Amino acid sequence: MDGRHPPPSHQAPAAQPERHGSFNYDIENTDAAWRGAHTASEALLRYDDDGPREPLLRKRTRNTTSQIAIVGANVCPIESLDYEIVENDLIKQDWRSRKKQQIFQYIVLKWSLVLLIGLCTGLVGFFNNLAVENIAGFKLLLTGDLMLKQRYITAFLAYAGCNLVLAASAAAICAYIAPAAAGSGIPEVKAYLNGIDAYAILAPSTLFVKIFGSILGVSAGFVLGKEGPMVHTGACIANLLGQGGSRKYHLTCNWLRYFKNDRDRRDLITCGAAAGVAAAFRAPVGGVLFALEEAASWWRSALLWRAFFTTAVVAVVLRGLIQFCRSGKCGLFGQGGLIMFDLSSTIPTYSTQDMIAIIVLGIIGGVFGGLFNFLLDRILRAYSFINEKGAPYKILLTITISIITSACSYGLPWLAPCTPCPADAVEQCPTIGRSGNFKNFQCPAGYYNGLASLFFNTNDDAIRNLFSSGTEKEFHMSTLFVFFTAIYCLGLVTYGIAVPSGLFIPVILAGATYGRIVGTLLGPISDLDPGLFALLGAASFLGGTMRMTVSVCVILLELTNDLLMLPLVMLVLLISKTIADSFNKGVYDQIIVMKGMPFLEAHAEPYMRQLVAGDVVSGPLISFSGVERVGNIVQALRITGHNGFPVVDEPPLSEAPELVGLVLRSHLLVLLKGKGFMKEKVKTSGSFVLKKFGAFDFAKAGSGKGLKIEDLDFTDEEMDMYVDLHPITNTSPYTVVETMSLAKAAVLFRALGLRHLLVVPKTPGVSSLSPHFTLHCKKLTSMTFEFMLQHNLSYSFLTDLRR
């Protein structure tokens, strides 16, 4: 949408107002109308059969709420990104003047940047894992030592106290420095790659909090993972490198000016997201497929090569660092799993009975996944009322969840029975130290506590314990049921607090637990190992919650190094996703909807096929002449929020009214700042603009913030002068005829990654519409809202779909 969004009307579209030439003829008449529309559209309204009920999202200048639970909260205005290639006289001159050396420099820079993205993301992923291994390791070792001395109350106080300090620290930096860092960040990255630019989602402060908040949160014992935040971290690193640094912190590089456009940044951020998955799971191919399947809205073969190169760099960096740590140079606990779950299992054959067990797992995963998403939606909506009260309440909520988690992790193992150590155990039993399958806890010598082996470990070690093969009798059924219930519930209440948190690990933990339960119950009819059932259960739950298939399948295969599992993993993912899709959307799609982000789906809604572009247009028209009065442009920029304006030449500038093209708001502001004005309304050769400005002067600011109309000052004499817009007008905008179906126009808009799409009349003449989009929110179900587009067009329709 372009500008503010007035509430929709349930009446038939009004007759199109008549266009009266250039903007200067009707600016006074439309001023009050536009201001009234702005006042009326300060909130997006929620609608039902009885009309508007209550504001869904209110706008303000800054996002002060958690990025995860903001339903009903105040959020910042959302802008869309310019992915279209602008073709105007200035850009064309720049293209013609570029030498082979500059073209070669641009290509080398692109590959150098993705190399740096892979290198930096790999280093950050290694640092995150190393920090968590050591911080959590010392905490668990301290608690274990106190328990060996039978100082159980002191042990709990030490354990809960460490968790409390870590959790409060993570929540504090998140709430006060970068609220956008809360949650996994995957919905934000997915929305950005769809063309949505929300406040500070890729800022340097967000990157800082994402890294250290994730380390503190995971070390605090929360049921969350660092894999989701790594995707956001990779995207932030790519954005920081692509924009040449940060103006705010005086860290900029002018040689990166070639990438000061949304199109190139989109490609870099896609590579960053792929690198994040590769760093989290050491799965380079899975990272590329994740970016293709889940994150990116637009893809092409050149991007595939760069993304693959980026993830390959991540894999090389991680392998080298892991080899380095095996010599004992990375701290007391530096030789832990380090990112990859080193698993192995043998699957000689599988029978028909085994396939029945796999189908059962897929159905369970679909049901549990759909239920998980439903409950998570309700919990996040409840958290929004707490989060919007301010930072202290966010921290208090985080502390509360930390205390609950510590009580469960320390208290529930006391309910589990002590199990004799197996006589043929390969590793030491009971385990002395931090990791291992056989935790002593309160048991006597020669016995271990199975529930403590799952709770009193890092999440990564708990997954390894569940995935381990040849361990049919290590975990009692009661232990698995208690652990599954606790992890399922704690995963729900943890996601949404003001801490960087991922869903991959909680989902894998819960899925692996019920997978092992199913494997134990079906042991008499199935020859598959319980560890394999755990892996397939994790796959089924991932498919049921996140609705990803290809990328999850490849990630799991890269984790386990076992291609023999491919048919089983494929089957369980397809079944669980199919079952879960019948209940609700994937978890990331639900969060995008809850945040009020106008995400463009790849397909059109059914009702759009009943409408054409002309059915949803409205006025008045806001357009400019090719040579426009400065005062008219300034007035239009002040009273509207449009980011694109059609430029129409009329006599005497042309023989008949004709569409010249589209001019961007940001380009108008740069041109006005240069003050290349003239006293007469005559068309020039554009030599002044071509000499005074270069293409990089109109590039998007590295920080994402450009000029504002409030930053410019004009005298009365300048307001009565004229400026030639032809040199900066995009003369080849995408256009459609007014009789095109709304469904086809929406699909075209999304497929091309546009911000503006112009509609021209089928017959000669100009319809009196303006390039202003408004948003209709039509409630279809209790879970989703569908967006119906209404626009003020003339030559312009679907202009600035999200703003």
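Any Cβ shown, glycine's included, is placed from N, Cα and C.
Quick caveat, the model's predicted, so the values are computed rather than measured.
Under the heading region 'Disordered', TrEMBL lists 1-22.
Per TrEMBL, compositional bias 'Pro residues' is recorded for 1-10.
Among the features that TrEMBL reports, transmembrane segment is placed at 103-124 (among others).
Taken from TrEMBL, the feature transmembrane segment applies to 155-178 (among others). Among residues of the same chain six or more beyond the transmembrane segment (155-178), those with a C-beta under 8 A of the stretch's C-beta atoms are 66, 135, 139, 142-144, 146-147, 200, 203, 205-206, 208-210, 212-214, 216-217, 219-222, 391, 394-395, 398-399, 401-403, 405-407, 409-410, 497-500.
The transmembrane segment annotation in TrEMBL covers 198-224 (among others).
Taken from TrEMBL, the feature transmembrane segment covers 268-292 (among others).
Among the features that TrEMBL reports, transmembrane segment is placed at 298-318 (among others). Beyond the ends of the transmembrane segment (298-318), by six or more residues, the same chain brings 83, 110-111, 114-115, 117-119, 121-123, 125-126, 193, 266-267, 270-272, 274-275, 277-279, 282, 284-285, 287-288, 291-292, 339, 753 to within a C-beta distance below 8 angstroms of the stretch.
Sequence annotations record features per position, and here TrEMBL assigns transmembrane segment to 356-376 (among others).
According to TrEMBL, the feature transmembrane segment maps to 475-497 (among others).
The transmembrane segment annotation in TrEMBL covers 503-525 (among others).
Among residues of the same chain six or more beyond the transmembrane segment (532-557), those with a C-beta under 8 A of the stretch's C-beta atoms are 277, 281, 283, 285-286, 289-290, 292-294, 343, 345, 347, 357-358, 361-362, 364-370, 372-373, 463, 466-467, 469, 503-504, 507-516, 518-520, 522, 563, 565-566, 568-570, 572-577, 579-581, 585-589. Annotation comment: TrEMBL describes 532-557 (among others) as transmembrane segment.
Within the same chain, residues 345-347, 350, 355, 358-359, 361-363, 365-367, 369-370, 373, 532, 535-536, 539-545, 547, 549, 552-553, 556-557 sit at least 6 positions outside the transmembrane segment (563-580) and bring their C-beta atoms closer than 8 Å to a C-beta of that stretch. Among the features that TrEMBL reports, transmembrane segment is placed at 563-580 (among others).
Annotated domain 'CBS' per TrEMBL: 620-673, in sequence order.
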**Tally of DSSP helical, extended and coil residues in the domain 'CBS' (620-673)** = 19 helix, 17 strand, 18 coil
**Request:** State the residues, same chain only, that lie 6 or more residues beyond the ends of the transmembrane segment (268-292) and have a CB under 8 A from a CB inside it; answer 'none' if no residue qualifies.
**Result:** 113-114, 117-118, 121-122, 124-126, 189, 192-193, 202, 225-227, 230-239, 241-242, 259, 299, 303-304, 306-308, 310-315, 318-319, 339-340, 504, 548, 550-552, 554-555, 558-559
**Asked** Which value does the mean pLDDT take for the domain 'CBS' (620-673) in this predicted structure?
**Response** 88
**Message:** Check for me, if you would, whether the transmembrane segment (475-497) reaches the transmembrane segment (198-224) - at least 3 Cβ pairs under 8 Å, residues 6 or more apart in sequence.
**Reply:** yes
**Request:** Quick one: find which recorded stretch in 103-124, 198-224, 356-376 has the most Cβ pairs under 8 Å with the transmembrane segment (503-525).
**Result:** 356-376
